[in-house]
């Protein structure tokens with residue numbers, strides 16, 4: 001135990017030193033009135049921005065900036081599977097995908113079950129989410145499975161989606177439910193940010209087995225009873241929603257950063273970023289343009305190979321596996337009751353609000369949990385070294401909803 005405490009303390013000291021050095025580099029950042037604890041958010045943003053500098057990455061021998069940022073995150077995140085008196089923690093494979101399992105010791109059986117997909121723009125983070133998952137397991141007396149799906153840039157869509165789907169199908173299987181003593185009537189799929197995207201897409205796929213498109217999943221008898229989406233990213237067609245405009249310069253998720261995450265996830269050319277930000281990438285995807293009209297300009301089919309050369313379109317923009325907000329009402333109506341967290345100072349605010357409205361219109365029971373002082377990523381900063389007040393509130397309210405609805 002002493003070694004664990006010592007390691008955690010060392011990581012916090014390192015994180016504190018990094019934060020101070022970052023603050024010296026980026027002294028001040030104007031933030032909108034009303035955001036929770038603006039100085040803490042400035043320091044957090046300074047940390048991210050300073051480590052995204054290419055010269056720092058080069059000095060540390062890291063070729064890609066997301067690899068460097070992942071290394072920074074690992075300094076303050078518990079990477080090893082460490083059990084405690086309250087929670088048993090093990091690393092397992094779920095449908096062939098690495099997964100960390102958090103099992104509360106003692107309590108009643110069978111237990112509730114939650115499969116969780118971490119955020120990070122499909123490129124950052126890991127399946128650890130140690131502090132959050134431990135608290136969920138202990139407070140809910142539930143088995144929590146945090147999935148370590150493949151990340152960009154090495155993996156691109158639909159790799160992350162396929163990992164999430166494979167892990168979820170295994171999670172719902174009789175073998176896994178029996179092995180971990182999980183109640184098949186009390187199952188939830190959840191995730192934050194990009195993980196919320198994966199959770200929404202999985203819920204649509206696995207709870208819509210009566211649709212002809214999902215006939216291959218008819219053998220899956222157990223379904224999710226709830227979906228909990230934390231400031232999810234759900235579409236890439238419109239970067240001019242009110243929240244994208246209002247919060248385009250609000251940390252930690254700037255509007256151009258979200259566009260870069262999308263391009264990297266979809267395996268598209270990064271030079272297309274200005275087109276996404278100007279909404280010129282989706283002119284053919286507007287409601288007034290029919291499928292027949294789009295087919296007349298589909299240069300991937302109409303142009304010969306010598307003219308297409310190496311150029312590629314932006315894939316996945318209208319694929320509901322990547323953009324769950326675009327799903328048909330019939331698919332949405334078969335998804336389970338939903339919890340959708342949104343934050344006022346987040347470019348993704350309107351993605352979540354629109355999805356909640358569409359789910360409600362399709363007949364799904366929706367709990368909308370909006371934080372007027374919240375910012376993107378706030379819930380995962382409920383602990384040191386950030387310890388955001390709105391992060392702590394949002395995390396407890398999220399767990400409370402799970403407790404009351406699962």
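Keep in mind that glycine also has a Cβ here, set from the backbone N, Cα and C atoms.
The shown structure was predicted, so the numbers you read here are calculated from the model rather than taken from an experiment.
Of the candidate ranges 12-31, 32-51, TrEMBL annotates residues 12-31 with the feature transmembrane segment. Along the domain 'Alpha/beta hydrolase fold-3' (313-379), the predicted structure has mean pLDDT 93. Taking the Cβ of residue 346 (active site) as centre and 10 Å as the limit, one finds 28 other Cβ atoms among all the protein chains shown. Residue 376 (active site) sits 8 Å from residue 193 (active site), taking the Cα positions as reference. The DSSP breakdown of the domain 'Alpha/beta hydrolase fold-3' (313-379) into helical (H, G, I), extended (E, B) and coil residues amounts to 22 helix, 19 strand, 26 coil.
In sequence order, 119, 120, 121, 230, 231, 232, 233, 253, 348, 376, 377 constitute the residues six or more apart from residue 193 (active site) in its chain with CB-CB distances below 8 Å.
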